[in-house]
């Protein structure tokens, strides 16, 4: 049995998007589950729209997500490469001309105005969907030769009549499309660049791709691609078309929707846990047989069955992704966090207490950095208008009177809180909020005694002076 090979083939016209990351992830999981190979190749023929760091964004951010390719432009295998379409232009052109020689394709000499005229004629006839008619263009043989000599033509593949293109979709089951709904279509544009549906087939054949998981927008591309496989007498891969990802209102994710971060680098920069996103994206259109949510990298690979891919759209719930990231960060050893954030200069006991206290409630490292900043800048921030009412001031004064700065510890601070509670017969928010505001200058936070202790006796004593 031949090795299972999957691929992710982005265009470097933009950065790695949530949808692209999920597509790459599912192809990666399918390959790894069956001990196959996962390939990244770059479809960079849309030169005008390519951006300088588009390719790097795709590969580097996938690597950050722990989605590493067996082969890519950075790890080429000569047997299957090149891994950028821009390096294969001559090959696409050569195969297109071979199809002409075999009678499967032809040169189409229409210019843009003539093609537009044919479309308008089709509309007048009431044709719902335009299909190119190869005998519509009426030009002289002399004009045809002139255009041929100057390369003013595209190459179209001949769409066979009354043919059904059928495949057993890995996600959706049986799908069939009648060729009469397609028409002849362009495989090489007038600038000698290949169209997507032509180049992608050549690439998949060259790289011996056996399974393809991709977005549902590619369903209409599949019969065109199957046509090329047939003309080249090449075995077809198995196709699977994933459902869309929507926002919480059920609308398809749009890159123009600025209310939601949609690019992986944005979550990386904010300090989300990469394995948490890997875990979260896996469940965005796939369910575990045992209904587990939190699974590590190897567990997910072992459990991944494509038969459990969803046929229904998946909602991108940012709150759920934050929950995943929170679970991963709070279970991350302190030593690892110290290394990631370069916190070696801090006192070991202090930084471990800080991390134990705050990592429980963060979903991003930026949050942790902001909490750390509160302590780092404490000396610069000794005064604050707290706007306490008389009852709250009384709580702070009582607490202040019980603190022993010569014996400053978490236990001693907790004892001062307890004595204040007993003296004033209060509890909950009425007890904790005034003390937290007066000592930490925050209204919310983790366990109060520990949060106060981390400031150190000197800073707390200065902040308590006004309450004596």
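Along the chain as shown, residues are numbered 1 onward.
For all residues, glycine too, the Cβ spot is worked out from N, Cα and C.
Per Swiss-Prot, ATP binding site is recorded for 255, and the stated evidence type is sequence analysis. On its own chain, residue 255 (ATP binding site) has 14, 17, 262 as residues at least 6 apart in sequence with a Cβ closer than 8 Å to its own Cβ.
Taken from Swiss-Prot, the feature motif ''HIGH' region' applies to 10-20, supported by sequence analysis. Within its own chain, the motif ''HIGH' region' (10-20) is flanked in space by residues 40, 42-44, 46, 49-51, 53-55, 57-58, 61-62, 215, 244-245, 253, 255, 262-265, 281, 316, which lie at least six positions past its ends and keep a Cβ under 8 Å from the stretch.
Per Swiss-Prot, the feature motif ''KMSKS' region' maps to 252-256. Averaged across the motif ''KMSKS' region' (252-256), pLDDT for the predicted model comes to 82.
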Give the three-state DSSP assignment (helix, strand or coil) for residue 255 (ATP binding site).
coil
